[in-house]
Every structure is written in C-alpha cells, then in structure tokens.
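**Student:** My structure is below; once you've seen it, I'll send some questions.
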Amino acid sequence: MAMRCGKVLLATILCLFLGASSAQGELVEAICNTLAQVIVKDEVTKAFNANSTVAPALLRLHFHDCFVRGCDGSVLLDSTPNNTAEKDAPPNKTLRGFEIIDAIKQRLENSTICAGKVSCADILTYASRDSVVLAGGPFWPVTAGRKDGIISRANETSALPSPRLNLTGLLANFAANNLTEDDLIALSGAHTIGHAHCGSFSNRLYSFNATTPQDPSLNSTYAGQLKESCPVGNLNSTVPMDPVTPDKFDTTYYSDVLLNEGLFQSDAALLSTPSTADKVRLYAGNTTAFNDDFVNSIIKMGAIAPPAGSFGELQVGFYDTLCPAAELIVRDEVQKAMNISPGAASGLLRLHFHDCFVRGCDASVLLDSTANNTAEKDAPPNTSLRGFEVVDSAKSRLEEACFGIVSCADILAFAARDSSVLSGGQSYPVPAGRRDGRVSVSQETFGNLPPPSSDLNQLTQIFANKGFTQGELVTLSGAHTVGGSHCSSFSNRIYNFSVTAGEDPTLDPTYVTQLQQQCPQGSSNVSLLVPIDPISPSTFDSSYYTALLANRSLFSSDQALLDSDATSGQVILYANDTDLFLSDFAAAMVKMGQLDVLTGTNGEIRSNCR
C-alpha cells in the first residue's frame with residue numbers, strides 16, 4: 001500500500017508542473033534522484049540484513065571502479081569474446097555485490113520516473129555510502145551525475161594499489177588519482193570492515209624475503225593466529241581485516257595497525273613516516289576526526305573523472321588494447337595502393353571529406369545503393385570518388401585480426417591521415433571510436449558538399465554550417481595539393497565561362513592553353529585526370545597555394561580564395577610557409593574528423609563497409 005501511495009504522490013506532484021516544461025524537467029530529476037537513493041538504500045539494507053559482509057563488498061566495488069578509468073561503472077561490465085573486462089582480472093576475481101547493483105538497476109529501470117536516468121556508476125556510489133552507514137559509519141551526501149563508461153579492460157586493473165605496496169608505491173598510486181597522503185590514510189580505514197583471502201597476505205607469513213620467511217614488522221602473536229587460519233598453501237580461506245570489530249565501521253583498524261596487526265603490507269606501511277604514523281594515532285583515538293576525513297576523502301574519490309573516450313567521445317589510441325594493429329593495417333593498405341598509383345592518396349582524402357560533410361564522419365559514403373534507395377556514393381558529386389577497394393581491403397584484414405572492433409568510419413579517418421603523410425604531409429594523431437551509420441541518401445549530398453563552381457560566400461557558408469571558420473576553409477582547400485580532376489569539373493572555365501567570355505579572365509592564359517590541350521572541347525574521356533596542383537601533383541606541400549597565386553587554379557572555388565584580403569593573405573602565408581600550412585592542415589583534419597560522429601551505443605560496427 002505504501003508503494004502504491006508513493007506512486008500516486010509522485011504522479012500528482014508531476015501533474016502540478018505540466019505547465020512549465022523546464023520546471024517539470026528539474027522536478028523529475030530531483031524526484032528521480034530521491035527515488036534512486038530510496039531504492040538503493042532499500043536493496044542494500046535487504047542484502048545487509050541477510051549478510052552483513054555485503055557492506056565491505058560494495059565499498060570495495062566502488063573503490064575498484066573509481067581507481068580504474070574513474071568512477072564510471074566499468075567494473076560492472078561483463079567480458080565479451082573479444083575482450084576481458086575488469087571484473088575478470090586477477091585483482092577483481094573476489095569482488096562481490098554485482099547482483100545487488102543489478103537488482104537496484106532493474107527496479108530503477110522499471111520505475112516510471114527513473115527509467116534510463118540513473119547511471120550504474122551513481123548506483124555504486126550510493127550503495128557504498130549506504131553500506132558504510134549500515135555498518136555504523138558516517139553518512140555523506142552523494143552528488144549524482146556520473147556517466148557509465150563503455151570501456152572495461154582487464155589489463156588496466158594494474159592501476160589498483162597492491163596490498164603489498166610500500167608507502168612510496170601507495171602515495172604514487174593515490175597521487176595518480178589526485179589523492180593525497182591524507183586521503184590514503186583516511187581511505188585505508190575502509191579496512192575496518194570486511195575479510196581478505198589468505199593469498200593476499202600469505203607472503204608475510206611464509207615467504208616475506210629470501211632470509212626472513214615471516215615479516216618482522218608483523219606482531220608475532222597475530223602472525224601465529226593468521227597461520228592457524230591460513231596454513232601453507234591455503235590461499236582461499238578468509239580472515240577479518242580488522243580482527244577486533246570486523247563488521248563495525250569504526251577506528252579499531254588504526255588501533256590494530258599501531259599494534260602491528262595490520263593485515264597487509266600496505267597497512268603496515270602507514271607507520272613508515274612520522275607524519276603518517278601521527279595520523280594513524282590521531283584516528284585510533286578520535287572517531288570524529290576519522291569519520292570527517294573519511295567522508296571528505298571518499299567524496300573526493302567518488303569524483304575521479306574517467307579518461308577521454310570512456311563515454312563514447314573520440315580518443316587517441318582508442319584501439320591500442322582492443323585492436324593494437326588497427327592503424328598499422330590501414331597504413332599498410334594505403335601504402336600498397338599508393339605504390340600502384342600515387343593518386344590513391346587524393347582519392348582517400350576526398351572520400352573522408354565527402355563522408356564527413358554529409359551526415360558526419362559515419363562512413364555513410366561507403367554504403368552501396370539498394371533497390372529502394374540511391375546512396376551517397378551514387379549521387380552526381382560522388383560518382384568520381386575512388387578508394388573504396390582500399391577501405392575494403394583494410395576492413396577485410398581488420399575483421400580477421402579483430403572481428404567486429406574497428407569501424408569503417410575510423411578506417412576512413414586513418415586512411416586520410418596516412419594518405420597525406422605518405423605523400424609528404426605532416427603526421428597527426430587521429431582520435432578514434434567512431435561508429436558506422438546506417439543511412440545513406442544521395443540527395444543529402446546537395447547543399448552539404450561544396451561544388452567546384454562555388455564562390456567565396458557560398459564556400460564560407462557551407463563550411464560555417466559545419467562549424468569551420470573561413471581560415472579553416474583556406475586550410476582544408478590545401479588538400480588540392482595532391483590529386484587530379486576530370487575535365488568536366490572545370491571545363492566551363494576554359495570554354496564557356498560567361499555570355500561574353502569563353503575563358504575565365506582570372507586564369508593565366510598559358511595555363512588555359514595547357515588545359516585546353518588536355519581537355520579538348522566536348523571530350524568525353526572520363527578516365528583523364530588533370531592535376532589540381534600543376535607544380536607537384538603527387539607531393540603534399542604548399543605548392544597548391546603558389547599555383548593559386550599565379551592564377552593557375554583548376555576550380556572556381558580555388559580562385560575564390562583570392563577574393564578577400566583575409567583569405568588571399570592566408571594563401572600568401574601558406575605559399576611561403578609550408579610548415580605552417582602542414583601544421584594547420586593537421587589540426588583542421590582532426591577537427592573535421594569529429595563532425596557529427598556516432599559513438600557509444602549509436603550506430604554500428606559494419607563487417608562489410610559497403
């Protein structure tokens with residue numbers, strides 16, 4: 001009956017705010033936050049009443065989550081056929097409490113108010129707080145809003161502090177998470193509840209070093225008791241970390257440490273310096289001081305931020321663990337293609353550009369048309385695109401090496417970078433983690449891809465729509481320093497520019513003659529490609545800008561870069577400073593590669609890029 005009344009009350013309150021959407025949204029969030037804490041407390045209390053050892057288990061789950069990739073719930077993720085997750089790494093094999101988090105999450109998802117709103121990371125944080133309170137410890141307010149990560153890697157659990165660390169190692173480990181010496185000592189007090197397996201400290205009893213089997217810093221009487229509980233070779237039995245009050249969150253742990261009865265070497269290490277030993281003595285005799293400091297430190301720990309890429313945003317080195325050979329395989333395929341034809345570089349650069357400017361960098365340009373849909377690649381601006389077979393070859397190899405891991409969108413981004421580098425350009429790190437889109441519509445190419453006949457205003461507007469400045473327009477136009485174009489893309493400039501002029505008067509007359517010789521009027525030779533940069537068409541340099549200043553630009557859109565003082569000034573700058581151009585181009589490519597990307601659970605990883 002109480003549950004029913006609670007639902008009616010929540011619904012009634014919400015109805016009062018239906019007239020104010022922003023207030024309603026804030027109220028829903030506040031109510032959900034309150035309801036979440038009620039549900040978490042209820043489930044943790046039920047579990048605690050059945051077995052009080054769930055308190056240290058949930059506290060440990062929170063700690064092991066936050067110290068690996070930040071507080072993002074990644075410790076809860078299951079392993080997959082292609083990845084061993086954190087929970088299955090050796091330091092985490094003895095973690096418990098997952099079923100409690102699952103039960104809480106299920107109740108929240110089943111609620112009208114909180115479905116899809118409370119992260120697993122927040123649930124863990126609430127649960128650890130409630131566990132401490134149920135065990136007799138202090139309450140603290142939990143700020144919600146953590147996001148759940150999508151990455152969980154067993155090898156990253158090396159970030160967890162070993163129970164065998166000395167003080168120097170512990171301090172370094174905590175400092176890596178922006179936690180201080182004081183935080184280390186306060187958070188070590190979590191050992192006041194719970195048990196540990198014999199294997200985590202048996203070296204202190206039987207194999208401490210080559211000359212001393214038993215750790216001399218360990219109280220001999222206590223050592224004898226531990227040996228009774230943990231005979232030689234018994235690694236799986238458990239003993240309380242605080243032998244005095246193992247189920248009560250108090251300060252007896254610190255009293256134990258002062259008596260040389262800390263279970264782990266990391267406990268004994270807290271007596272290594274006068275300052276740490278003084279803090280241990282303070283806590284042993286002052287419960288209030290410990291509780292206050294523990295609260296401050298665990299709030300601080302609960303705010304450890306996950307690294308970039310955890311929530312689906314792009315990340316440099318995204319495949320370092322998931323598919324270490326990913327970038328090498330793509331580069332190898334690009335190199336092989338360029339060995340056959342240097343023009344493959346410009347083809348792959350153009351593929352990436354035409355992909356990102358339509359629906360974002362989601363590899364939609366690679367999808368084939370179907371009986372019911374004409375895809376982007378078959379739209380008029382894209383019928384001359386090349387390089388699909390290079391992407392296909394890279395994808396085929398990647399599926400063999402790392403099935404279902406590397407997206408076609410990331411392959412395109414890597415291939416574009418490698419194309420410029422292998423042509424002489426500057427290398428740059430490519431943030432990855434894109435996922436592949438499922439939609440490709442030919443008509444969406446119109447208005448998104450700048451035609452070669454565009455004037456400066458049109459170019460500026462199209463690039464501005466994608467978040468680029470006019471300066472970045474000039475920079476990315478430098479991709480025309482490699483590759484060639486079909487005669488039809490510029491023939492109007494040499495034969496029928498206007499009603500009164502057959503040739504574009506801005507073009508160098510000698511260059512016009514050369515182009516007319518290469519592209520006779522009415523020629524239908526679709527295989528002929530004229531270099532866009534007549535000076536060094538296969539080298540990624542700044543000669544495109546030099547040619548532009550000499551009025552030897554192939555497209556009207558190139559010539560348009562001289563139509564304002566700002567853009568022409570940048571053209572002059574790049575023509576005289578290749579290093580500056582290459583540096584700016586690399587930065588602009590990184591930015592372009594992040595246009596409207598699909599990440600996280602959006603999109604898919606295609607097994608066939610087409």
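Don't overthink the numbers, they just go from 1 along the chain as shown.
Placed from the backbone N, Cα and C atoms, the Cβ positions cover glycine too.
Annotations for this protein, taken from TrEMBL, read as follows:
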{"type": "SIGNAL", "residues": "1-25", "note": "signal peptide"}
{"type": "DOMAIN", "residues": "36-315", "note": "domain 'Plant heme peroxidase family profile'"}
{"type": "DOMAIN", "residues": "313-610", "note": "domain 'Plant heme peroxidase family profile'"}
{"type": "DISULFID", "residues": "C323-C402", "note": "disulfide bond"}
{"type": "SITE", "residues": "R350", "note": "site 'Transition state stabilizer'"}
{"type": "ACT_SITE", "residues": "H354", "note": "active site, proton acceptor"}
{"type": "BINDING", "residues": "D355, V358, G360, D362, S364, E376", "note": "Ca(2+) 1 binding site"}
{"type": "DISULFID", "residues": "C356-C361", "note": "disulfide bond"}
{"type": "DISULFID", "residues": "C408-C609", "note": "disulfide bond"}
{"type": "BINDING", "residues": "P450", "note": "substrate binding site"}
{"type": "BINDING", "residues": "H480", "note": "heme b binding site"}
{"type": "DISULFID", "residues": "C487-C519", "note": "disulfide bond"}
**Student:** Would you mind giving the whole-number mean pLDDT across the domain 'Plant heme peroxidase family profile' (313-610)?
**Tutor:** 94
**Student:** How far is it from C609 (disulfide bond) to V358 (Ca(2+) 1 binding site), counting Cα to Cα, in Å?
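**Tutor:** Cα of C609 (disulfide bond) to Cα of V358 (Ca(2+) 1 binding site) measures 16 Å after rounding.
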**Student:** What other residues of the same chain, not counting D355, V358, G360, D362, S364, E376, have a CB atom within 8 A of the CB centroid of the Ca(2+) 1 site?
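**Tutor:** Near the Ca(2+) 1 site, beyond D355, V358, G360, D362, S364, E376, sit H354, C356, F357, R359, C361, A363, V365, G437, S440.
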**Student:** Quick one: Cα separation, C402 (disulfide bond) versus D362 (Ca(2+) 1 binding site), in Å?
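**Tutor:** It is 20 Å, counting Cα to Cα.
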**Student:** Write down the Cα-Cα distance for H354 (active site, proton acceptor) and P450 (substrate binding site), rounded and given in Å.
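**Tutor:** On Cα coordinates alone, these residues lie 10 Å apart.
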**Student:** Can you tell me which of the binding-site residues V358, G360, D362, E376, H480 is spatially closest to C323 (disulfide bond)? Compare CA atoms only.
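**Tutor:** So, spelling it out, the nearest of the binding-site residues is D362.
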**Student:** To which of the disulfide-bonded residues C356, C487, C519 does the lowest count of other Cβ atoms within 10 Å belong?
**Tutor:** C519
**Student:** If one looks at the chain holding D362 (Ca(2+) 1 binding site), which residues at least 6 apart in sequence have a CB under 8 angstroms from its CB?
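**Tutor:** Correct list: D355, A409, R434, R435, D436, G437, D596, V597, L598, G603.
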**Student:** Measuring Cα to Cα, how many Å separate C519 (disulfide bond) from H480 (heme b binding site)?
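**Tutor:** Answer for this pair: 19 Å between alpha carbons.
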**Student:** Run through the Cβ atoms and count how many others sit within 10 Å of the one on the residue listed as 'active site, proton acceptor'.
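**Tutor:** Here the count is 21.
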**Student:** Between the Cα atoms of C361 (disulfide bond) and the residue listed as 'active site, proton acceptor', find the distance and write it as a whole number of Å.
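**Tutor:** About 9 Å separates the two Cα atoms.
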